[in-house]
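Participant: Pulled from TrEMBL, these are the listed features:
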type	residues	note
TRANSMEM	20-39	transmembrane segment
DOMAIN	39-153	domain 'Ig-like'
TRANSMEM	169-196	transmembrane segment
REGION	205-233	region 'Disordered'
COMPBIAS	208-219	compositional bias 'Polar residues'
Amino acid sequence: MASVDKTGSSVSGRLRSGDLLHAGLAAVLLLGAWSVGGLEVSTGKVSSIEAMNGSTVLLPCTYSSCIGIKDLYFNWKYNNNGTLLKLCEAEIPTEEVEPKVHVFHDRVEFVGSSKTNNISILLWNITFEDEGEYICFAKNPKEKNRNHSAIFTLYVVDQMKEVDNTLTVIIVSVLGGVLGLVIILMVIKAVVLHFLRNGNEKTKECLVSSSGNDNTENGLTGAKADNKGTPKA
């Protein structure tokens with residue numbers, strides 16, 4: 001009886017270990033799926049812009065979530081030498097419901113739309129003091145308050161830099177010259193071949209004509225010789 005109890009307890013222990021392993025794997029898979037499909041915000045492929053003093057710039061930001069949103073909170077902040085200044089904030093109740101945006105900066109305008117998952121803003125009449133990092137932040141209560149942020153950097157200049165196209169011009173000029181030289185060589189080759197072909201044809205005609213004349217003259221001479229050599233009866 002003691003051995004049976006020991007065996008049974010050992011089997012039961014293995015079963016519990018297997019159940020725990022399966023439960024752990026399931027939790028990891030669920031956590032991985034949640035993290036892959038979780039909330040993300042993005043400022044696009046270009047994370048910075050250079051703009052002239054006094055112009056108006058777009059600070060882009062979009063959000064995405066595979067499981068959807070509910071009461072999505074977002075805001076924009078400006079990093080002023082380590083101090084984060086809030087520019088605007090709002091909540092999007094559900095998808096395709098436009099938010100009521102609270103703006104805290106007199107030159108900021110919200111231009112996004114929940115229909116396109118867009119939470120971008122405009123910054124009017126920028127100055128050199130506006131240069132720096134702008135942080136787009138979002139939090140989704142539907143995903144246990146998962147949050148994400150993205151940084152967009154603004155550079156303010158007094159004039160736009162002129163692009164130096166010297167290298168491009170040189171490359172295009174060289175390629176054009178090479179292409180032109182190749183075309184000229186091809187034309188010269190075609191002309192030379194044409195003249196050579198005509199010369200060969202004339203040479204062949206001369207040879208044929210000369211050969212025919214020689215044969216005719218030889219034939220007539222032979223005939224005359226034969227006539228003279230025939231004795232009279």
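Glycine is no exception: its Cβ is also placed from the backbone N, Cα and C atoms.
Show me how these features fit into the structure around them.
Facilitator: With a threshold of 8 Å between CB atoms, no same-chain residue lying at least 6 positions outside the transmembrane segment (169-196) comes near it.
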Participant: Can you tell me how the residues of the domain 'Ig-like' (39-153) break down into helix, strand and coil by DSSP?
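Facilitator: Once the DSSP states are binned, the domain 'Ig-like' (39-153) shows 9 helix, 60 strand, 46 coil.
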Participant: Mean pLDDT, the domain 'Ig-like' (39-153)?
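Facilitator: Mean per-residue confidence for the domain 'Ig-like' (39-153): 97 out of 100.
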